[in-house]
Amino acid sequence: MPLLCADIGNSHTVLGLVSGGSVLADWRVATDERNTADDWSVLLRGLLGAALEEIDGIAVCATVPAVLHEWREMLTRHFPAVRHVVVEPGVRTGVPVLMDNPREVGTDRIINALAAVHEYGGPAIVVDFGGTATTFDVVSAQGQYVGGSISPGIELSLESLGRRGAQLRKVELLRPRSVIAKNTVEALQSGMVFGVAAQVEGIVDRMIGELGVGATDVQVIATGYLAPVVLDECRCFTHHAPWLTLRGLELVFERNA
């Protein structure tokens, strides 16, 4: 029986039916802080239909406290008989967090670290391309979360340009014909696609240098729904794992349920 995994991010919520490391079905919906527990229940029943009655359990991680509160309420009221794990401090992940304040680290980042080491080994660097933020997370060869970096996400950057630039408008995230653009739309696309690619390669290169290992000794994994936008422009990635967080949620569920 599959597990329902929910990765609740600032911009979007990714839902997936996961079994044995494979994603059988998936959905991506906007994260709306106005949604109540009842709203989320209606949404889940509409998306999953009869499949919701066949799930083995529910695993949840969230970066939005208000939404997580409603999910807890939903699980208690609408799915009281379904086993569930909400990833938070105190939940066993098996990942030592070597940070000044481990509780500050987003649960999705710890889950990605767990899945990365489980699937590919360490040391590893996970680059998660979200709409609000692009995160870089470093895992040691021993499976320890040793730190990372956070930069503005691609969608957030584009929206900020649109709000602040009077003559700029929102554009589709596509690879332009060349870096040297001939119109405003392609100039914005060039800055986003090639700019983010250069940023990613630069940060990854610096991280590998600080780890003190050879570039070929590090697994560099791209994940997140915006990864395909820049994937072909980055030479640093060894793996593209679009469902890394869902796989990590499955692993955490197995350790705690």
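Every residue gets a Cβ built from N, Cα and C, even glycine.
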Swiss-Prot annotation, ATP site containing Asp7, Ile8, Gly9, Asn10, Ser11, His12, Thr13, Val14 - matching residue among Thr93, Thr107, Thr132:
Thr132
Hey, how far is Gly106 (substrate binding site) from Asp128 (K(+) binding site), Cα to Cα, in Å?
12
Within 10 angstroms of the C-beta of Gly9 (ATP binding site), what count of other C-beta atoms is obtained when all protein chains are considered?
25
Other Cβ atoms within 10 Å is the metric here; tell me which of the binding-site residues Thr107, Thr184 scores highest.
Thr107
Do you see any of the binding-site residues Asp7, Gly9, Thr132 whose C-alpha is within 10 Å of Arg109 (substrate binding site), and which ones?
none
